[in-house]
Amino acid sequence: VGGVRAEEPQSAGRRSSSIRSPAPRLRHRAPDPAGTQPGIVVGCHSGTASEGSVRTKKRGYDITRNPHLNKGMAFTLEERLQMGIHGLLPPCFLSQDVQVLRVMKSYETRSNPLDKYILLMTLQDRNEKLFYRVLTSDIEKFMPIVYTPTVGLACQQYGLAFRRPRGLFITIHDRGHIATMLNSWPEEDIKAVVVTDGERILGLGDLGSYGMGIPVGKLAYTACGGVQPQQCLPVLLDVGTDNQVLLDDPLYIGLKHKRVRGKDYDGLIEEFMQAVTDKYGMNCLIQFEDFANSNAFRILNKYRNRYCTFNDDIQGTASVAVAGVLAALKITKNRLKEHTFVFQGAGEAALGIAHLLIMAMAKEGLSKEEAARRIWMVDSRGLIVKGRSHLNHEKEEFAHDHPHLRTLEEVVHTIRPTAIIGVAAIAGAFTEKIIRDMAAFNERPIIFALSNPTSKAECTAEQCYTLTEGRGIFASGSPFDKVVLADGRTFYPGQGNNAYVFPGVALGVIACGVRHISDDIFLTTAEAIADMVTEENLAEGRLYPPLSTIREVSFKIAVQVISYAYKHNVASVYPEPKDKEAFVLSHIYSPNYDSFTLDMYDWPEEAMKVQDV
């Protein structure tokens, strides 16, 4: 997002009070690529465009350089003449559908994912509505490029891929001036801020300012959920990096010193939160992304009851993982409280999933303590047990009375879990022995390899299905191709992608003005996603609705979030809408083009008669 904003669309019943620029009067026009009918130009209030009409004071060359306004060769002849851009474009009038085909042809000539990512980002810089129209035309195809896993590669190469500002870089040296820096951003009506400090980017570690690719990648807000793109602000808090490779790289584009920690770091976060809400309001959603474990829980616990905020790595990942587990129960035919879970990893994702599982088990009648006893965690030092040194408060909750075991293989063989969940970004952690043991202990073992990107996955879909003879219930964090077994059975692995969660949650939260986002909202979201998984999906190996339906999924989640918010009195937009589906629809962004034709009409001839001396 960026550039200069068009003025607000006018409603069908509201006339323009004035025409700010002279324009030629046109009686006939070429067929309108936006889908309008040929005839007399009736103006910006008339609803002639498929999505409505807008006014803008911009004229001339600037129009073609503004991604919010630019339509390329979809501008009609009237628009070109009235806006002073006739001659700047080839004498050709294209529909948006044809423009999509042109992009697709160019896209298919790119041989590797990073080149495809750069092509799409360049399109976003040039024509925002066409960019989102392309994404939504085949979201299953494009999401792995603009989001995980390719966004991880884009972050590693972000210094080379950087073209133009798509967010704000706020550094530790800007303390005391963050409010001023927010004024640099051209949009005023910000509803969602996605922020990272770049310390733990996916499973790739500390990438410093290159981590900006992650907040920018949350354009999935719009592609998957329909949140207005100009209402989203990506932010990178640059406090330095401990990645020596980047510090030694002359092409690195961030601060070249070690990370600042302690009081100065906390002061930056505090000032940032205050500045954002001072400028954009207390209802502005602030989403934390890819903060290190040492900061993620601390920051979330500090601010969750003061601001409208959540941590996607903790709560978003938890919601999508629990959704997969709830869907798996339709296959195992038993209750959640009957399962035993072993986690490979004990960081943000593992602890977030574990806490949401405890909430879900509590709904089945277990106490918090009883539920916690069904969850085991393995970190870099082995099984987390009571009496082990250097356990933080979050890990202690899942420390059990049990002899210490060093390896995941030992833990699985000893505990005999019904489900294993990998979130430690250790490639190949689910060894052949572990997968075979899971298949021996369980008729339908649950095996979730949720680490991103694909290169960090604990096992592949093929390994899971092959070693369990097709009995494994598999989900991954990054996409895997379909798997065909020797007996001809075909499985389409479910991708536990956070994109199933945060766009719908954000859309609902923004629409009804939720002030504080509780974990109940994420459990409600998990249940909603699981309910949308059909028997047909399960038979194909899918634990999630097809990615192609993600906009429908996000819409239903938003409706559920709004219903929850009004039921529990945490919404701030009143009166409560009676038709909540229509209410959500009214907030959804459309990638279809608007019309820029001016409000032009005739008076009666007698009234227009020129008076003479």
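Backbone N, Cα and C define each Cβ position, glycine as well.
TrEMBL annotations: computationally assigned, not manually curated.
What TrEMBL says about this one:
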- Y147: active site, proton donor (ACT_SITE)
- K218: active site, proton acceptor (ACT_SITE)
- R200, N452, N497: (S)-malate binding site (BINDING)
- 11-24: compositional bias 'Low complexity' (COMPBIAS)
- 124-304: domain 'Malic enzyme N-terminal' (DOMAIN)
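Largest Cα-Cα distance over the residues recorded as binding (S)-malate, namely R200, N452, N497, equals 18 Å. The predicted model assigns the domain 'Malic enzyme N-terminal' (124-304) a mean pLDDT of 94.
Taking the Cα atom of each, the residue listed as 'active site, proton donor' and R200 ((S)-malate binding site) are about 16 angstrom apart. Contacts of N497 ((S)-malate binding site) defined by a Cβ separation under 8 A and a same-chain sequence distance of 6+ are given as M143, Y147, T148, V320, G477, Y544, L547, in order along the sequence.
Taking every protein chain shown into account, R200, K218 are the recorded positions, and of these the Cβ with the most other Cβ atoms within 10 Å belongs to K218. Mapped onto three states, the DSSP output places R200 ((S)-malate binding site) in coil.
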